[in-house]
Amino acid sequence: MNIKPEEITSIIRQQIENFNTNIETIDSGTIIQIGDGIARVYGLEDCMEGELIEFPNDVYGMALNLEQDNVGCVLLGAEEGIKEGNVVKRTKKVVEVPVGEALVGRVVNSLGMPIDGKGPVLTTENRDVEVPAPGVIDRQSVKEPLQTGIKAIDSMIPIGKGQRELIIGDRQTGKTAIAMDTILNQKGKDVICIYVAIGQKQSTVAHIVNDLTKMGAMDYTIVVSSTASDSAPLQYLAPYAGCSMGEYFMHKGKDVLIVYDDLSKHAVAYRTMSLLLRRPPGREAYPGDVFYLHSRLLERSARLSEKLGGGSLTALPIVETLAGDVTAYIPTNVISITDGQIFLESELFNAGQRPAVNAGISVSRVGGNAQIKAMKQVAGTLRLELAQYRELAAFSQFGSDLDKESVKRLEKGKRLVEILKQPQYGPMPVEKEIIILYAAVNNHLIDIPVNKIKEFEKELFNYIDTHYRDIGKDILEHKQLTDELKSKLDKAINDFKNVFLSEI
């Protein structure tokens with residue numbers, strides 16, 4: 001085959017012109033040590049803190065320690081099949097989770113992958129797990145109430161939209177029950193709820209999901225689950241992932257409620273990771289930045305300014321204490337970060353007062369501005385009267401003779417305590433809370449036997465719903481008790497009381 005010299009030059013010129021100079025550069029490193037879900041990698045020169053690192057077998061890791069000669073990574077999956085000498089690659093991305101309406105009603109893990117067997121989550125939007133909190137200019141003050149449906153909380157420790165209210169107490173004192181009732185009470189109120197389970201038993205999470213489904217609450221709820229069998233890095237990521245899912249709705253102008261259950265186990269997971277990464281331990285062996293761990297999470301809860309849509313993210317973090325010790329490291333940290341705390345006591349719980357809220361040391365620092373005026377009117381003296389009752393009850397144990405005024409206060413206190421008892425999964429509409437608290441505070445229950453109070457309460461609501469239906473509507477409409485409404489309430493309660501007392 002004869003090729004002319006000029007043809008050779010044209011072929012060479014053509015090949016030079018078509019030469020593809022696209023060179024793919026991969027920033028890679030080599031595993032020099034692996035074990036306990038932690039990998040030390042040599043290389044990865046320009047790696048970012050918190051960057052996703054691609055390991056063999058489709059496993060990803062997260063770079064947390066950037067040291068002089070290596071990078072410490074935590075694995076977000078199983079370490080089987082990954083060994084020293086394997087090559088890892090940078091992804092140049094940080095950890096993201098899927099967000100959007102498609103997540104509502106689903107149970108997902110810390111990375112947003114569905115674990116409820118209902119197929120993939122069909123959403124195209126992702127959001128970084130770690131996002132800076134809104135600044136001071138981007139926020140507005142908390143002034144709208146978020147009703148929990150629990151009389152003791154809505155009256156004495158009110159929660160507002162955008163607030164962070166800590167639920168703290170020993171194990172088995174009903175902390176999760178309060179959070180669950182609050183989620184159930186948001187039904188029909190256009191509030192998206194997110195329940196983040198950190199380090200819990202799988203059976204417990206399954207039970208919670210089952211209850212939420214049964215009560216119809218999964219229609220507006222996302223469950224993010226990182227159970228005790230998951231690795232420490234996944235437990236560490238869970239609350240941040242849940243928060244990012246909530247922020248998506250907050251920036252769309254919606255109201256969101258998020259429950260972190262619980263941050264004690266979250267701190268333990270972070271301590272595990274930190275010690276394995278050889279970070280220096282501090283008090284109770286927690287690392288020095290354990291305060292920042294929770295503050296950067298809880299500061300993301302806010303009520304956004306009207307310019308940004310006016311959405312809100314309300315947080316209910318849960319912390320477990322040991323033998324009621326609120327002076328331990330994690331409880332004091334979270335108390336100082338949040339806008340108040342609901343303290344649950346095992347003594348009250350075992351004595352049959354449920355929810356076992358200790359009104360003495362429970363407080364809401366910003367929720368008072370959000371409380372509706374009608375509730376303020378009936379609950380204003382409630383905390384003081386309960387405190388005086390407890391003091392008198394302790395004094396009367398010595399068997400000393402009490403004057404008439406003290407006996408009257410004791411009897412009223414017993415009825416107040418009885419009224420504040422409430423069964424689980426029985427949240428109450430705010431207008432009914434106001435009606436029964438009005439009756440209790442204004443001495444309408446003083447001649448009802450204590451053991452008949454619950455029956456009286458139930459039948460009073462039925463009576464008012466039948467004969468005085470407009471009372472509840474008026475309370476919701478005016479949001480305050482006018483003199484006319486008070487006299488109508490007095491008449492309704494007295495009318496029913498006469499019927500009730502004649503039957504017992």
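Glycine is no exception: its Cβ is also placed from the backbone N, Cα and C atoms.
Taken from Swiss-Prot as is:
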- GLY169, ASP170, ARG171, GLN172, THR173, GLY174, LYS175, THR176: ATP binding site (BINDING)
- SER362: site 'Required for activity' (SITE)
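Structure with Swiss-Prot features highlighted.
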| residue | record | DSSP class |
| --- | --- | --- |
| GLY169 | ATP binding site | strand |
| GLY174 | ATP binding site | coil |
| SER362 | site 'Required for activity' | coil |
On a count of neighbouring CB atoms within 10 A, which of the recorded positions THR173, THR176, SER362 is highest? THR173
Tell me the Cα distance separating SER362 (site 'Required for activity') from ARG171 (ATP binding site), rounded to the nearest angstrom. 17
ASP170 (ATP binding site) to SER362 (site 'Required for activity'), Cα to Cα, whole Å, comes out at 15
With a 10 Å radius around each C-beta, find which of these binding-site residues (GLY169, GLY174) has the fewest other C-beta atoms nearby. GLY174
Per residue, counting other C-beta atoms within 10 angstroms of the C-beta, which of the binding-site residues ARG171, LYS175 reaches the highest number? LYS175
Out of GLY169, GLN172, THR173, GLY174, LYS175, which of these binding-site residues is nearest SER362 (site 'Required for activity') by C-alpha distance? GLY169
Let's check the environment of ASP170 (ATP binding site): how many other CB atoms sit within 10 Å of its CB? 18
When a 10 Å sphere is centred on the Cβ of GLN172 (ATP binding site), how many other Cβ atoms does it contain? 12
